[in-house]
């Protein structure tokens, strides 16, 4: 009976668990896992092929080879289950226990675990407070370590060489002190550590010491010791006395044909360990000489090292073929390791793959599945059906039936796949639209048919792409596939909320051709009663598609919505001036859209907008139907259009010859100048490249103008210009294929080409493809083409790696609640650069939730309440009432711990509604940023010479009409001529409209002359300010007489004569070129008033001192009277070095990795007044005195551009030395919001340049993850260590606990971690280990005895549970609630029993089972 019960017990559900703990195993634990000791290195008997007894594959230890059969064959069959054969000692059970039973090896001498020794920082070193080098010398028998000094002056854990040891023994006598070698010595040291006492000591020393280095060292050691104390792990367990042996099925020995065996490398490594161990045992029994034993112990240590992590120390052990053996560590790490190969990426059954072809007749939610493929994929379903229908009695019979492919099987297949969606996936799956569900339609042939509109989402084309098909098996899976993944439910890109089902190429061309209008087309001016009349006229060739006609068109307007939210429509008939094509197309327009959306030429962008409008106004279902109809019409009409390409369509502009000869003449001129030494070679090259670049643009412009328009005769007989019907122009203009740049190469000139190293070849290709290239031109062209291919390969790899890092850092960010109740947010404005609105306010706030009321600026009434999700209609309203700043919620300020709340995230862009709880917004953000990565460039842009000179502006003018306003940072003085001279470094001028809304903003540089006043009303085109673009002035802010200091000709300044004008100026000499004595002198000028007293800065005791920088041209004389706003000196900016600007993918990676740029800008640490201190060698000392009078010093390299001057008041976080900003500084000085602005804007700049749209919130989500750790500043009464880095949520939890007890909470500073670092420092060690640096992560986690709470998605995928996102979140929540309820019930029962004083029953057989965690 018991056996029967056991049978039922085996199919138990696996235990539920909520966390996984990792730790060090004690020797007892290892022995408890083991089923026996492996004593021999033998594997299997070469004659019988049976495992050797006590060997590495021993059946007695690890279990039988065949199910329910012992080795010698005495016991066979199920009835003997559990019997242990008395002859061969094998237990009769399932053979699969050989996958789970472990053995062990009793080591004759203890050995150190290499991970805790060599994985930096060395954990052994930290615990023992010894250096790694010393420990290694002891372990590998090169030195002794003192364990017990006894009465001798030696110190504990002192290292001595063998000669020293012998000498000391002679000196103090044998046995006076104890010193040992090898792992035994280290083990004894570890045993002797009193952790409690050590911790007290370190804490005391931490309080006492002041040195940074010591604090760091102590804190590290304290952390490790406290971890040991907390986790109950003993330090001596880092030394192995027993070595576990992996189950044999996990390191198999496979017979190959030809009598040889393929074996796992682990067997070789284990064999080595066993051999050396046995030899050592024998030597110890024989009492061999110490030196031989030592050598054997060292070899054993090395063998164990190799088994655990081959190659970590010394040379890697190699097999017979000189290849390093694959150790246990290599099994789990890297791309092919256990984590990434088998746990995160599994192969799936019920899947197939095939080539895709276009399926133009499919509906959007369908795909064509080849019959044979479907038959194979749905086999089990067919078997089931055959059995239930009684056609086959057994599975075997059903199999036969299916293989013979009888008609009944095909009927059943049709039935089985009806309403059963399949999932199609195209690799690489870069975002969630890379895998979508479709309803299969059975087709003949062997290729999968794909709907043309989903190609954009899959990034698929039909040039031989393959796709994989997966079958969702369970009912839940089918339901999720249908509701969440069906192609018709995924019509928007999650990255930006634009429609993903936009037609392209031939469809666009067909729609564009149909909706173009033509002057004097056949039948122009006719009027039609309705659309059917138009169609009749068109089919009888009375009118052509593009003719302008008048038609009565019926539009349907929404009257009201009924109770279900379905709209009611009322027809409205109007006579519209339109074209034949547009009116025919209007038949497919969904109800509720006005005809005006179609009444224009439909280019690709217009079609996208049209589908977007349909989605917002008519809903998903109508949009999908409309898109399908558009597709059909487009295909049909494209064939009607008859657009083709001929060589005559490529019109070469007649001006081309002249433009090229002019350019060549200019180039000759520069060559002459270079020959006569007027310009350098670099300048000549820059100018030549510039000239040819401009020439190419001119040719291109001339060509486009010629292509764009054609002359036609209208009805009155006059000649007028109309947009051209040139085929090539129409293809480019409609957005179907090709671009102006490509047409330029066909009919203009190819232009400048780059060498493989990125530099531009100065002779351009003046020919185009129509004229043909000569051999040289062709050769130059091949350079560029080849570089393009090489770049693409690099780019794909880099982009994939960026995506992987992004996913890893955000994978655990899930929407876990609807509202966190925060009142924080960020104020959004339109993004303006150089006076142009780059991104309008409406685009930035669409789909966000307001955090403050939006107030109408005119009436001061609340227009939109707090907590409203801004949809299209509300943003229109905000635009209309003229609000220019809206405060919205953002993922950065969300107060939810371990996740995000829906309100802070806002709209789910892929669905168009407020985000649902359980949405994995982190992964979506990572995919949205990573997916377009392959479109970004890999190159760094060289800017220099001519290219940047052309871009230097010297004035700024208003683009809009309105009122000028200056920002608070704008400071200016009025000079004697009455001009306003700017003396602030960060002043900006805004132009506001009548409502006071900001229309544009312009930076006004220092020294510029303002041409407008604050509050002045101006017209568009008014100049606001002018300045000299080539020099930077130093302007006097006060009036007085100059008094030079340290301005000595030949010492600090040199006289420079201008050859042309004959005037002389003084130039400040670089300090490096001066003599030693004069190096510290700073040329500067002070001002004297009428009484010859130094002019003071108002309100202080500082004299006005104006320093001259290196290279400054001093324009005033000593003793000269100067007035406010007068220029004292000029610094030429011409000497700006050509600097590389990192662009494209590397720039994005740099921002997300939070790398500090080299030559970063220096920001003011405090608000205060600037002064200059005494200079040191090569550095200038800048002092900021804050409001309390404390001085903060900065040392700045002399060649750096200092942006501030003596006496200037700077605000905290203001830039004082020029350079690229360091994100860490921004965070420290300006806070999280500024940092977020900086990263978002910089990342967006890169993507915008490539024309890629990504919503800001995705970048904010990543920044939130980069900021999730904080550094403890003041510990308070918490358990933290000062300077420790912890998760923000952990700190908040701990602070809540402390505050609840009425104690002092800890304070913290924000930390910015790069995405790699943030991924590795996550709380989940499983997630971190599967990302990078597996060994280090696991070593650290084991010592800390870490517990992984399985919060993120990755950890759950790895342990094989449902992920806590989407439906999984609900599942886990329900499970936890159920468990809590059960616990409460159990508690209640036990309480009741207590109260009744009933002795609980003794027998509790069923209670204890299934409770294991």
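Just so it is clear, glycine is given a Cβ too, placed from its N, Cα and C backbone atoms.
Owing to the predicted nature of the structure, the values given are computational and were not obtained by experimental measurement.
Here is what Swiss-Prot records for this protein:
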- 70, 72, 85, 88: Zn(2+) 1 binding site (BINDING)
- 461, 463, 465: Mg(2+) binding site (BINDING)
- 820, 894, 901, 904: Zn(2+) 2 binding site (BINDING)
Cβ-Cβ neighbours of residue 904 (Zn(2+) 2 binding site) (radius 10 Å): 29
Residue 88 (Zn(2+) 1 binding site) versus binding-site residues 461, 463, 465, 820, 904 - nearest by Cα: 465
Distance from residue 894 (Zn(2+) 2 binding site) back to residue 85 (Zn(2+) 1 binding site), taken between C-alpha atoms, in Å: 65
List of residues, in chain order, with Cβ under 8 A from that of residue 465 (Mg(2+) binding site) and at least 6 apart: 355, 356, 426
Proximal but sequence-remote residues of the same chain as residue 894 (Zn(2+) 2 binding site) (Cβ under 8 Å, at least 6 apart): 820, 822, 900, 901, 904, 905, 1264
Least surrounded among the binding-site residues, given as 70, 72, 901, when other CB atoms within 10 Å are counted: 72
Per-residue Cβ crowding (10 Å cut-off), top of binding-site residues 85, 88: 85
Site of maximum Cβ density within 10 Å, from binding-site residues 461, 463: 461
Rounded to the nearest Å - Cα separation of residue 72 (Zn(2+) 1 binding site) and residue 463 (Mg(2+) binding site): 61
Count of other CB atoms lying within 10 Å of the CB belonging to residue 820 (Zn(2+) 2 binding site): 19
Mg(2+) site shell beyond 461, 463, 465, criterion: Cβ within 8 Å of Cβ centroid: 356, 460, 462, 464
DSSP-derived class (H/G/I helix, E/B strand, else coil) of residue 901 (Zn(2+) 2 binding site): strand
Listed in sequence order, residues not in 820, 894, 901, 904 with Cβ within 8 Å of the centre of the Zn(2+) 2 site Cβ atoms: 817, 819, 822, 889, 891, 893, 895, 896, 900, 902, 903, 905
Non-site residues, in chain order, whose CB comes within 8 A of the mean position of the CB atoms of 70, 72, 85, 88 at Zn(2+) 1: 59, 71, 73, 74, 75, 87, 89, 90
Between residue 70 (Zn(2+) 1 binding site) and residue 461 (Mg(2+) binding site): CA-CA distance (Å): 58
Residue 70 (Zn(2+) 1 binding site) versus residue 463 (Mg(2+) binding site) - Cα distance in angstrom: 58
